[in-house]
Amino acid sequence: MFGWHWLLEWQTPYEFHGHLIEKVLAEEKTPYQHVTLVEFTRFGKGLIIDGKVQSTLYDEHIYHELLVHPLLLSLTKPPKSVLILGGGEGATLREVLKYKSVEKAVMVDIDEKVIEFAKKYLYEWHQGAFEDKRTNLVITDGLKFIKETKEKYDAIILDLTDPIKNSTSYMLYTKEFYEKLREILNERGGIVTQATSPSFSLEVYVTIYNTIKEVFKEASASYTYMASFDGLWGFVYGGVRPDLLSEDEVDSKINERIDGQLRFYDGYSHKISFSLPKNIKSEFQKITKISTEKDPIYVPA
């Protein structure tokens, strides 16, 4: 943070995105991370964790709809039980609860302060999802929860902070962690994770894909442009193949499975998001790294 007026968000060791801040709504250094809620001049309200923009009012719906819906629509049967790791703003939960079939949505977040801030300041994100009777909010470490849970889920959504060295999240992008997730998935279930930026950390994006494909055998990758992130943003899905859904299938399943409005995602945007450009697709042939506990992947900044 530069004074109280600018956030200088480093994208790589060589470049940053400067965000003008109108005012700081709340700020606290918790035992896990530095959490700040602000009003950006361009993007409106926004959540910052450890100097990284997590989401803004301007375009959070793009990120959260592309994170959630390709996974849940590509499941053979409409999902009944969904596990969310991270997603403290409540927007991922909001999208999950739009499914008529969902009976239980378990959301696990390590930092109670993020939830507290979200409930107070980010209603536009959660829209009351924390109070939905289908919601089970658990404040604990995600890895600890996965090791101890006895339940199985139709879908698991990883809305985590980036794999930054010495952070709370980087071990949640490894082969060993994905193997633990596979054990608590119901048959024909699937997972999705945010997969960082093809613009600034293409090797990380591809490595996450490689790692998920190694564990789940089936995998696909999507991307979209996020203005508040200053570039492309990626998502990787495992155990399912949303990339094989046609435009018409997506639109039909939205009508069948979802109760509520979507602002970004439909059959057309689905097709575009899974149509990776040639320069990115070529890297999937070149990069073979798998992220493991002994050799994890990190974003460059």
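Here the Cβ of each residue, glycine as well, is placed from N, Cα and C on the backbone.
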Pick the one from D109, D230, D243, D248 that Swiss-Prot also lists for the S-methyl-5'-thioadenosine site with Q33, D141, G142.
D109
So what sits near G142 (S-methyl-5'-thioadenosine binding site) in its own chain, CB-to-CB under 8 Å and at least six residues off in sequence?
L85, G86, V108, D109, I110, L160, L172
Write out the long-range same-chain contacts of Q33 (S-methyl-5'-thioadenosine binding site), meaning residues 6 or more apart in sequence whose Cβ is under 8 Å from its Cβ.
I49, D50, D111, T161, S167, T168
Under a three-state reading of DSSP, tell me whether D109 (S-methyl-5'-thioadenosine binding site) is helix, strand or coil.
strand
Length of the line joining the Cα atoms of E89 (spermidine binding site) and D159 (active site, proton acceptor), in Å:
10
For the S-methyl-5'-thioadenosine site built from Q33, D109, D141, G142, further residues of that chain with CB within 8 A of the site's CB center:
Y32, L85, G86, V108, I110, D111, T140, T168, S169
Whole-number Å value for how far H64 (spermidine binding site) lies from D141 (S-methyl-5'-thioadenosine binding site) (Cα to Cα):
22
Least surrounded among the recorded positions, given as E89, D109, D141, D159, when other CB atoms within 10 Å are counted:
D141
